[in-house]
Structures are given as C-alpha cells and as structure tokens.
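Visitor: Structure provided below as structure tokens; questions to follow.
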Amino acid sequence: MKKNTKISVIGAGFVGSSTVFALMNGGLASEIVIVDVNKDKAEGEAMDLSHGAAFVKPVVVKSGDYKDTEGSDIVIITAGAAQKPGETRLELINKNYNIFKSIVPEVVKYNPNAILLVVSNPVDILTYITYKLSGFPKSRVIGSGTVLDTSRFRYMLSEHFEIDVRNIHTYIMGEHGDSEIATWSLTNIAGMDVNEYCEASCKKCDGSLKYKIYDDVKNAAYHVIEKKGATYYAVALAVKRIVEAILRDENSILTVSSLLEGQYGIKDVYMGVPSIVGINGVKDIIEVPLNDEEKNNLTDSAKTLKESLDSIF
C-alpha cells in the first residue's frame, strides 16, 4: 500500500461520517476529505473525528469543497436523498439522479484518475449513473453492491449453525434491494455443502428455514431502520473492506456492484456479483455456477434494475 493515500468522502450524513470513522480505525489513509452541501455539518464531523487522531495511525481529516479533493486515490459517494414516506422508488431515483449530476462532474474534474466508490441508494442504479456521467472505465466505477447483504447472510447463518461467521462462505447477488438472491447452491461450511453440513450437525435446514433466513437478510435494513432510524455502522465496515481490498491490491473476491457485459447472460447493468477487487478497481467478474432457479432469479433482478434505468436513459 502506498504511503500517502488520500480518500475523499462526499456526504457527511450517518453513512459518510461512519465511513470516515471506519477508515481512520483501519489506518487506510493519510488524508481524508469530507465534502457536504452543508458545510457546517462537514466541518463539525471533521473536527469531531480529528479529536481522536491520537488514538489511530497518523491521518489528517478535514472538510472542504471539491477542489480540496484533488488527487484522491478513491472518492466515496454517500450523498443523496433518502426515500420519504409515500415516495415511489422512481421518484427517489430521479431526485438522486439530479443530485449526482451536480456531484460527479465536480469529482471527475479534480480526480480524473481516482476510483469512484458509490454507496448511496439505490446503489446499483446510482453506480450506473456515475459510470455514465463520469466517462470513466467500468473498472474504476464501483458500487458497494451486496457486500453488506452477503455479510448479513453469513452472520445469520452463523447464528443458526453456531459457527464462526468467518468460516461460512456464500454470496448474496443481484440488486442491493428486494430482488437480491441468496446463492444457497454455493453455500458451504467446513468445505461441505450447506445441506451436507445440516445432516452432519443435525441442524434444521429445510425450505422454510432457508426462506426465513433469506427474508431476514433482504429485510434487515427495514428492521434496523424501524428500531433506530437508519443503518450506517455495518455499511461503513463494508465500505472499509472494499477500500482495503483496493489500496492493498488484495485481489479479493467481493460482491461489489460491477458492470455486466454478458456475464450470466446479462448486459449493461450494474449489480452485485463476485468480482476480483484490487489496486485498479474491478479486475474481473467471476461467473459462479448458479443453479437454474438462481440464474432465473438473477435475470429477474437484472430486469428490475433495467426497468428503472430505462426510465432515465
């Protein structure tokens, strides 16, 4: 990892500020710039975070405008409007499209060589919009995708099986949203297919249990929002993990939102799929062997995203 790494975060809300906190704790940057339309909010977050500088690796955290982001290695976009009660998904997309039309050109102007990491929702749609607005190669425009959803899936499986979450391997793929799919056919524990492990461990693993776990994963954000108003800690850790893979050139396989160009029979859509992530962004997309039901569900997820995109482009 290079010594002097600069990261800029656009958006000083819950997700943006939590992301900066996670990046600081991970020692992943020597400079972090926070930009927000509310300059006082950005300045306040930078001050608060900077006051903890004595407890982490050397890092300068400051607020600024787009000019101050110049020379960033990675620009993380967390800004955007939140969905209001009664507001349709399409209305939210159009609102955020207009916001991104003001953000992305400014980011590109000062950071022509940066990797753009989109976190704002709906993340797959906004990552595609960022790709189109930026003119960057697809490898350098990435969405947080289903990295968090995959972590939620592994966690819930670990709770059921009473196994360390790090020893459970599986993916959530597709849209970061209601049409996402769980790859049960690929789920393995201790090198065993999940069904084999169920038999070996005498744990319940029937269709109803699988559906409940999948449903809990899919609706996890709604449950958290109902309890505390917003989700931000776990997504910040997911973003930190993606940034880590990029800066350390790990070639890690993460379900980031990547541009599909024929993989899985899907074209011209950004969605969460297993991708090799390294110093230059997305190095490659891995086509994992899904069963027929999973393939069909992934295709349906892509159609859902495509319909939203067709309303804009």
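Glycine is treated like the rest: Cβ placed from N, Cα and C.
Copied straight from Swiss-Prot:
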| type | residues | note |
| --- | --- | --- |
| BINDING | VAL15, ASP36, LYS41, TYR66, GLY80, ALA81, SER102, VAL119, SER120, ASN121, SER144 | NAD(+) binding site |
| BINDING | GLN83, ARG89, ASN121, PRO122, VAL123, ASP124, ASP149, THR150, SER151, ARG152, THR231 | substrate binding site |
| BINDING | ARG154, HIS169 | beta-D-fructose 1,6-bisphosphate binding site |
| ACT_SITE | HIS176 | active site, proton acceptor |
| MOD_RES | TYR222 | phosphotyrosine |
Visitor: Here's one to test understanding: among the binding-site residues GLN83, VAL123, SER151, whose C-alpha is closest in space to the C-alpha of SER144 (NAD(+) binding site)?
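Guide: Nearest in space to SER144 (NAD(+) binding site), counting only the binding-site residues, is VAL123.
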Visitor: Express the distance between the Cα positions of GLY80 (NAD(+) binding site) and HIS176 (active site, proton acceptor) as a whole number of Å.
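Guide: That separation, Cα to Cα, works out to 16 Å.
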Visitor: Could you state the whole-number distance in Å separating the C-alpha atoms of SER102 (NAD(+) binding site) and SER151 (substrate binding site)?
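Guide: With distance taken Cα to Cα, SER151 (substrate binding site) is 32 Å from SER102 (NAD(+) binding site).
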Visitor: Would you mind pulling the longest C-alpha to C-alpha span across VAL15, ASP36, LYS41, TYR66, GLY80, ALA81, SER102, VAL119, SER120, ASN121, SER144, which the record has binding NAD(+), in angstrom?
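Guide: Taking every pair among VAL15, ASP36, LYS41, TYR66, GLY80, ALA81, SER102, VAL119, SER120, ASN121, SER144, the longest Cα gap is 24 Å.
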Visitor: From the recorded positions ARG154, HIS169, HIS176, pick the residue whose C-alpha lies nearest to the C-alpha of VAL15 (NAD(+) binding site).
Guide: HIS176
Visitor: When you rank SER120, ASN121, VAL123, SER151, HIS176 by Cα distance to HIS169 (beta-D-fructose 1,6-bisphosphate binding site), which of the recorded positions ends up on top as the closest?
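Guide: Smallest Cα separation from HIS169 (beta-D-fructose 1,6-bisphosphate binding site) among SER120, ASN121, VAL123, SER151, HIS176: SER151.
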Visitor: Would you identify the secondary structure of VAL15 (NAD(+) binding site) according to DSSP, in three states?
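Guide: In three-state terms, VAL15 (NAD(+) binding site) counts as helix.
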Visitor: For HIS169 (beta-D-fructose 1,6-bisphosphate binding site), what is the secondary structure by DSSP, using just helix, strand and coil?
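Guide: HIS169 (beta-D-fructose 1,6-bisphosphate binding site) sits in a strand per DSSP.
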Visitor: Listed recorded positions are LYS41, SER120, ARG154, HIS176, TYR222; which of them have CA atoms within 10 A of the CA of THR231 (substrate binding site)?
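Guide: Those near THR231 (substrate binding site) - Cα within 10 Å - are TYR222, in sequence order.
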Visitor: I'd like to know which of these binding-site residues, SER102, SER120, ASN121, SER144, SER151, is least surrounded, judged by other CB atoms within 10 A.
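Guide: Fewest other Cβ atoms within 10 Å, among the binding-site residues SER102, SER120, ASN121, SER144, SER151, is found for SER102.
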Visitor: For LYS41 (NAD(+) binding site), identify the closest of the recorded positions ASN121, SER151, TYR222, judging by Cα separation.
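Guide: Closest candidate to LYS41 (NAD(+) binding site), judged by Cα separation, is ASN121.
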Visitor: Looking at Cβ-Cβ distances, which residues of the chain lie under 8 angstroms from HIS176 (active site, proton acceptor) while being 6 or more apart from it?
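Guide: Result: ASN121, PRO122, VAL123, ASP124, GLY143, SER144, GLY145, THR146, LEU148, ASP149, SER257, GLY272.
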Visitor: For the binding-site residues listed here, GLN83, THR231, which shows the highest count of neighbouring CB atoms within 10 A?
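Guide: The most densely surrounded of these binding-site residues is THR231.
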Visitor: How long is the line from the C-alpha of GLN83 (substrate binding site) to the C-alpha of SER120 (NAD(+) binding site), rounded to the nearest angstrom?
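Guide: Cα to Cα, GLN83 (substrate binding site) and SER120 (NAD(+) binding site) are separated by 11 Å.
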Visitor: Under DSSP, is ASP149 (substrate binding site) helix, strand or coil?
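Guide: The three-state answer is helix.
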